[in-house]
Amino acid sequence: METVGKKRNRWDEPKEEDAPPAAAGTATESAAMSSSVSAAKELAKEALQKAQRAAEMQRAIQSGMSNLVGLSAVPPTPARPPTVTLDSQGRLVDERGKVIQSTARVQATVKANQGTRVNPLLEDAPPPDVMANKYYDPRMALPGHAREQRKKRAFSFVAEGHFSKRADEIRAKAAVEQLLREASSKKVLKADAVIKGGLKDQTAESSSAPRPMTVSAATLQQKLSEVPAVEWWDKPLLRDASYSGANGEPVSALVNPEVITHYVEHPVPIEPPAEPAQPPPQPLPLTKKERKKLRTQRRLAAEKEKQDQIRCGLVAPPAPKVKISNLMQAMKDEAVLDPSAIEAKVRAEMAQRIKNHEMRNQARKLTPEQRKEKKRRKMLNDPTGGGTPVTLYRLEQMPSRQKLYKIDINAQQNHLTGITLLADACNLILVEGGPKAQRRYQKLLMHRIDWTDLPAADEDDDERDETEERRKKSAEVCKVVWEGFVVKPHFKNFRVEAARDAAAARKTLKDKGCEHYWDMASSFDADAIEADDDDDDDDDDDD
């Protein structure tokens, strides 16, 4: 600590006799350090004087060049900011080693802490008395009150682009502040390096390292506020690179209409960069009874909603359905006064209701084309969705022309595809189609067609027994070989073909990729299958 009351020299350097006492062992080292520090100070003073003289010469040159015509003024080289260090006692010391004394006065910066300024000349002046004025009317408000109220109630319109311009200014200001903040942080880091490295190292570094270029806030603001004369998306549409014409022409006259066509560009839709949503849960299939119950509930809810609307007056109530049976109860006095007129009116209403009902039914009735399509859809529809049903039949005898016609025409009417293949070794019928059509066609082949061609006879007991026996034999003529499903049908229509032999018949099916049907039909043995079924039944009985 310094001794109070002692004088300091001009450069605020402590005298040799005022220096604090040091240890006896470090006297020689302190003397050497004081000599080196004094030498460094002298060098720093000379460098500072040279820098000041160079700055004065630069300013003189710039002032002389600014008077020249056609030459832009070169901005003056900014002076290097002074370097401040800390001494061993923690005080601020400048480049010359002088302690910097703070001359700032403590003053209030908050409005609440600032004292109220009072003008002493107006301290005794009384405020004007409005009520003392001879023109004062107590029924009216104070002067300016109505005007202020009108200003508050008036519309305050905002010019177009006001807020966008303000936002651009705020963004530009924030960018300038960010750049200045980065520049100041670099200066602070440099000052810290100078403090840590010492005055000598800083002097050597400042003489060798180039000075960083500083940019003023006004320059940054000007660069950030530059707006192109024409936006890039408008350049293909304008004749010239300007929004204003030579003679004050409107913008529409500057547009090049040849560039604009009637084509509209539709961007290709792309999938969003996210995982696809989970599929919704599938509703459970309802039974016929559940569907009927659900339909009844929907109809009751709709009827209840309609009644509520009628009760609230939103919908007009329907006209009463008066009949001859309830004529006297519904009309009462009117029916007693003129029963003939009321009866005629009721009959007319009844006829109109019947007519409306028939018209609604006629409107819901399907056209012949729609009915045909519905029938075809029911024949082809497969509710299981497991493929196309296929049935393979085998005929033990050659059918007649009449039976072949029935086989062919019924297959076409039921929208079935397949083939009837006739050969000496085997006769087969292959049909593909919907389940309902398959049931109808199987009923035709197995029950409706009489394969024995029995003639009409009297109803005698002997003849009846013979007829039953022959019908049993007729049932053995047509047999079902196989029933199943295929992925897709092999035939596009139904036809009847006759083959010369078994090889030709198999080749016909091989061309369609289903020759295995011929192998199944030719090797089919109904008696062996029935015997196996009987054995299985016997085994079940034994169990």
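Glycine is no exception: its Cβ is also placed from the backbone N, Cα and C atoms.
Residues annotated as compositional bias 'Low complexity' in TrEMBL: 20-37. As annotated by TrEMBL, compositional bias 'Pro residues' applies to 269-284. If you look up TrEMBL, you'll see 289-298 marked as compositional bias 'Basic residues'. Residues annotated as compositional bias 'Basic and acidic residues' in TrEMBL: 363-372. The domain 'Pre-mRNA-splicing factor 3' annotation in TrEMBL covers 133-367. Residues annotated as domain 'Small nuclear ribonucleoprotein Prp3 C-terminal' in TrEMBL: 392-521. Positions annotated as region 'Disordered' by TrEMBL: 1-37, 268-305, 363-391.
Averaged over the domain 'Small nuclear ribonucleoprotein Prp3 C-terminal' (392-521), the predicted model has a pLDDT of 85.
DSSP assignment over the domain 'Small nuclear ribonucleoprotein Prp3 C-terminal' (392-521) gives 58 helix, 30 strand, 42 coil.
Residues of the compositional bias 'Basic residues' (289-298) grouped by DSSP class, helix first, strand second and coil last, total 10 helix, 0 strand, 0 coil.
Here the region 'Disordered' (268-305) has no long-range neighbours, meaning no same-chain residue at least 6 beyond its ends has a C-beta under 8 angstroms from one of its own.
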